[in-house]
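Enquirer: Questions regarding the structure given below will be posed in turn.
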Amino acid sequence: MEEAHLLSAADVLRRFSVTAEGGLSLEQVTDARERYGPNELPTEEGKSLWELVVEQFEDLLVRILLLAALVSFVLAWFEEGEETTTAFVEPLVIMLILVANAIVGVWQERNAESAIEALKEYEPEMGKVIRSDRKGVQRIRARDIVPGDIVEVAVGDKVPADLRLIEIKSTTLRVDQSILTGESVSVTKHTDAIPDPRAVNQDKKNMLFSGTNIASGKALGVAVATGLQTELGKIRSQMAAVEPERTPLQRKLDEFGRQLSHAISVICVAVWVINIGHFADPAHGGSWLRGAVYYFKIAVALAVAAIPEGLPAVITTCLALGTRRMARKNAIVRSLPSVETLGCTSVICSDKTGTLTTNQMSVCRMFVVAEAEAGTCRLHEFTISGTTYTPEGEVRQGEQPVRCGQFDGLVELATICALCNDSALDYNEAKGVYEKVGEATETALTCLVEKMNVFDTDLKGLSRVERAGACNSVIKQLMRKEFTLEFSRDRKSMSVYCTPTRADPKVQGSKMFVKGAPESVIERCSSVRVGSRTAPLSTTSREHILAKIRDWGSGSDTLRCLALATRDTPPRKEDMHLDDCSRFVQYETDLTFVGCVGMLDPPRPEVAACITRCSRAGIRVVMITGDNKGTAVAICRRLGIFGDTEDVLGKAYTGREFDDLSPEQQRQACRTARCFARVEPAHKSRIVENLQSFNEITAMTGDGVNDAPALKKAEIGIAMGSGTAVAKSAAEMVLSDDNFASIVAAVEEGRAIYNNMKQFIRYLISSNVGEVVCIFLTAILGLPEALIPVQLLWVNLVTDGLPATALGFNPPDLDIMEKPPRNPREALISGWLFFRYLAIGVYVGLATVAAATWWFLYDTEGPQVTFYQLRNFLKCSEDNPLFAGIDCKVFESRFPTTMALSVLVTIEMCNALNSVSENQSLLRMPPWLNPWLLGAVVMSMALHFLILLVPPLPLIFQVTPLSGRQWGVVLQMSLPVILLDEALKYLSRNHMDEKKDLK
């Protein structure tokens, strides 16, 4: 029932054909249950295991590998002799890679969808209802509540369904709905209709929402929505509908896969077509079909060479290592790809309450009257330090610390704060923090009393548990609270009736202490306390006090102000009608104004510096909150999101103002705005959508249930460690210390990780280019195979994989947070860089082919054939005069492939050392800056020697040990790559960067 807040309580009851006294009949309950279903959030039907497995093979790179494996399997069946065993190694290795990749992917997916289930923790297990089958209130399972049920709630209860209030059974009803709306203080509710069809949840003061908590009071309501129809249920539906966005890296790798598949197709077809004339060569027994299959195998080898099989594993490893480094900085990453996405974050949309602020109300200013003579009024103003519930802070007047006990007015102010209060401070020993017990506003007053210490209580030697209420307990020993006149909306105040516990000249007779909204309390004041004496409250003094309060409540502070007053001679309690709350205002008259306190949910002290740092890094910070616009803008000014005098027109919007804009205006508003106030969950998701339409990479922070859909929709969802389980499981990242500063550290780490990823991706790709050039050259020139597929797989996965992973440990650039965010569409390799890595790759390919050719032509242990004979080796037969005296089996020797493989591995190790920096010379940034890289190079070379020397590996990889002279040739062909890359780096530094600057 969407419009329940618009109707009177009687109209809502009529709609459901129910009375508040009798409740629903059993027939009505049965009908409603059939119509609306159970009052619970349905269990999410996740994807089946089979669906998840199939999904892992939708990636283009994976499909290319799968095709290569299937073709290799088919070809392996036709192998004969010694090659039969080794032929199956290649497809088996590829399949093992794909299976491992799928297992990791399925495991991640299984964990990712837990957010929806976490919402269930906000569903209360039991509820209290009135039904016609039994007298009075009965407890039933919350899932059995149906629309139309009369539900009773009291302090401490979790609201079991969305309720329209019909009767408040206490003087006031306050509800903590911060998990749903993000409001930092509990909200006073009433039963009146709200004639505003566009009211947001924060303005629906006659509604109680499922999953929120009753802070004080007792009430009856009629259930108007259950299950998925509740506001909590709508959030669940939004979360279920959100499709996870692919990260910039995933999109780039998809694009890379598409380009690679096209390139592979062209090259493979070209190699096969070029060699059609050789299909019937004697080496194939004159069979055209056998020749076609032979060259098809070479085309498959090309495909294997072109695919960087090790890339998925190396990227996963690098991101996993990055998450460990981030965890040490209090940023726990749940989704691996989001580590890289952090590096291109351009907008951080931050929830205010508990993220930019502490979510711990704190009194930061107070005043008492110093002078109130005819025509003049002077105030004693004080500031109080401390931004949490920790009872430590300093009271200052101007710049000077003061002893509060020296001011009679402050002693009385502290007395009112301590006694006119139903809340307390508590030290949570498990968490090691001070927490509120009761109302946030009243807890702030309790904390203020502890900081003021007006009776100079000796606090040394107290445990933290004892310290939580030491100063308050001293005041409570002097006066005893007899009863409380609860807060009500009409008088906007509450009061306590207190009597002295013992005869004391300072305390004479019973008193009433009052606190409430300044305008309402001051209106009922006839005098003002000046020190220890009482003076009449003149019009001048009244205006002066109200002007100061208005000043605090607006401008850069927007403090929540409370006036504190005393009734020195209250009526006798026997003469007071305490069961009639309409008379309370009569008892709270003829008051003496004592002072005023100003409080706020204070900004975290470290946030302002972080926002400045974000600004320097080209990242826009946008505050999104459920609080009112004035408070939100004031906090923005304190944090530096807005300047002190900056005009916020077009930069700050309420949810309603945002709704009033056309879709295009909403898009433009999201492009410029830095503050959104009074928003609902749907607004947050729309803001993220609009930002994404401008290709902004959005990080959304939050801690409440209301943040979860937007956290899931944003590229980076960041939840607070103290936040709700729903927010945490919808997010990609959780801040264990709830500190906005940790986001900035995580962004810096993300940028460093991306830079390192660029290095190892380019490193791996230059290796693949070299392998493709090698196979393409041997095919075009008609030379024997220099590298076979199983060797290529070994290099791509193992030998190159270790240094590539170690490149993830490269140190970050010093100016990494002084640059704007990189464009998420920026290509991994483009322009000059593409030429650089193509040049390196071509050299790798030429050197590899040259090494194999050298053994045939020049090695004293080789056949020393001519280059012409080598190019026509397929025509070799006993009766061919061109090959007289040459054993044709020499063209199947393992030595040339071993030479080629050794050169490829050695060059790749040199390349890895070159990759410590993209443009800096090895003389400026030597390899030992990354000791992990040196270890990886040593390990890779050790593994290479392993396959050369340890049986049965030489048989599997078709290699053989080399002599010292042969190793000398390998080094001569490999080391020049360092000089080539140094020359290309020199050109980059001195010419290419200058061109960029000119652009």
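Each residue, glycine too, has its Cβ placed from N, Cα and C.
Pulled these features from Swiss-Prot for this protein:
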- 1-48: topological domain 'Cytoplasmic' (TOPO_DOM)
- MET1: N-acetylmethionine (MOD_RES)
- SER17: phosphoserine (MOD_RES)
- THR19: phosphothreonine (MOD_RES)
- SER25: phosphoserine (MOD_RES)
- 49-69: transmembrane segment (TRANSMEM)
- 90-110: transmembrane segment (TRANSMEM)
- 111-253: topological domain 'Cytoplasmic' (TOPO_DOM)
- 254-273: transmembrane segment (TRANSMEM)
- 296-313: transmembrane segment (TRANSMEM)
- VAL304, ALA305, ILE307, GLU309, ASN796, ASP800: Ca(2+) 2 binding site (BINDING)
- 314-757: topological domain 'Cytoplasmic' (TOPO_DOM)
- ASP351, THR353, ASP703: Mg(2+) binding site (BINDING)
- ASP351: active site, 4-aspartylphosphate intermediate (ACT_SITE)
- THR353, GLU442, ARG489, LYS515, ARG560, THR625, GLY626, ASP627, ARG678, LYS684, ASN706: ATP binding site (BINDING)
- 370-400: region 'Interaction with phospholamban 1' (REGION)
- THR415: phosphothreonine (MOD_RES)
- SER662: phosphoserine (MOD_RES)
- 758-777: transmembrane segment (TRANSMEM)
- ASN768, GLU771, THR799, ASP800, GLU908: Ca(2+) 1 binding site (BINDING)
- 788-808: transmembrane segment (TRANSMEM)
- 788-808: region 'Interaction with phospholamban 2' (REGION)
- 809-828: topological domain 'Cytoplasmic' (TOPO_DOM)
- 829-851: transmembrane segment (TRANSMEM)
- 898-917: transmembrane segment (TRANSMEM)
- 918-930: topological domain 'Cytoplasmic' (TOPO_DOM)
- 931-949: transmembrane segment (TRANSMEM)
- 965-985: transmembrane segment (TRANSMEM)
- 986-999: topological domain 'Cytoplasmic' (TOPO_DOM)
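Give me the local environment of each listed feature.
Expert: Residues in the topological domain 'Cytoplasmic' (1-48) partition by DSSP class (helix H, G, I; strand E, B; coil) as 21 helix, 1 strand, 26 coil.
Its Cβ taken as reference, MET1 (N-acetylmethionine) is surrounded by 17 other Cβ atoms within 10 Å in the chains shown.
Other Cβ atoms within 10 Å of the Cβ of SER17 (phosphoserine), summed over all protein chains shown, number 10.
Within the same chain, residues at least six positions away from THR19 (phosphothreonine) with a Cβ under 8 Å of its Cβ are LEU13.
Other Cβ atoms within 10 Å of the Cβ of ASN796 (Ca(2+) 2 binding site) number 24 in total over all chains.
Mean pLDDT, taken over the topological domain 'Cytoplasmic' (314-757), works out to 89 on the 0 to 100 scale.
According to DSSP, ASP703 (Mg(2+) binding site) is assigned to coil rather than to any helix or strand. Around the Cβ of ASP703 (Mg(2+) binding site), the number of neighbouring Cβ atoms within 10 Å comes to 30.
Note: ASP351 (Mg(2+) binding site) has non-local neighbours GLY182, ILE624, THR625, THR701, GLY702, ASP703, GLY704, ASP707, i.e. same-chain residues 6+ apart with C-beta under 8 A of its own C-beta.
A C-beta separation below 8 Å, combined with a sequence spacing of at least six in one chain, links GLY626 (ATP binding site) to THR181, GLY182, GLU183, GLN202, THR353, ALA677, ARG678, VAL679, GLU680, ASN706. GLY626 (ATP binding site) falls outside any helix or strand according to DSSP and counts as coil.
Long-range neighbours of the region 'Interaction with phospholamban 1' (370-400) within the same chain, counting only residues 6 or more positions beyond its ends whose Cβ lies under 8 Å from a Cβ of the stretch, are 358, 360, 362-364, 407, 409-410, 425, 433-436, 443, 447-448, 450-452, 467-468, 471, 528, 530, 535-538, 540-541, 544-545, 548, 602-605.
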Enquirer: If one measures from the C-alpha of ARG489 (ATP binding site) to the C-alpha of SER662 (phosphoserine), what distance in angstrom results, rounded to a whole number?
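Expert: Computed Cα spacing between ARG489 (ATP binding site) and SER662 (phosphoserine) is 37 Å.
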Enquirer: Among the binding-site residues ARG489, ARG560, ARG678, whose Cβ has the fewest other Cβ atoms within 10 Å?
Expert: ARG489
Enquirer: Give the one range among 758-777, 788-808, 829-851, 931-949 whose Cβ atoms make the most pairs under 8 Å with those of the transmembrane segment (965-985).
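Expert: Out of the listed stretches, 829-851 contacts the transmembrane segment (965-985) most.
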Enquirer: Which recorded positions (SER25, ILE307, THR415, ARG560, ASP800) fall within 10 Å of GLU908 (Ca(2+) 1 binding site) by Cα distance?
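Expert: Within 10 Å of GLU908 (Ca(2+) 1 binding site): ASP800.
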Enquirer: Let me know how many other Cβ atoms fall within 10 Å of the Cβ of THR415 (phosphothreonine).
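Expert: There are 23 of them.
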Enquirer: Under DSSP, the topological domain 'Cytoplasmic' (111-253) has how many residues in helix, strand and coil?
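Expert: Secondary-structure breakdown of the topological domain 'Cytoplasmic' (111-253): 41 helix, 43 strand, 59 coil.
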Enquirer: Considering pairs 6 or more residues apart, do the transmembrane segment (931-949) and the transmembrane segment (829-851) have at least three CB pairs under 8 Å?
Expert: no
Enquirer: Over all shown protein chains, what is the count of other CB atoms within 10 A of the CB belonging to GLU771 (Ca(2+) 1 binding site)?
Expert: 27
Enquirer: For GLU908 (Ca(2+) 1 binding site), list the number of other Cβ atoms lying within 10 Å of its Cβ atom.
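Expert: GLU908 (Ca(2+) 1 binding site) is surrounded by 25 other Cβ atoms within 10 Å.
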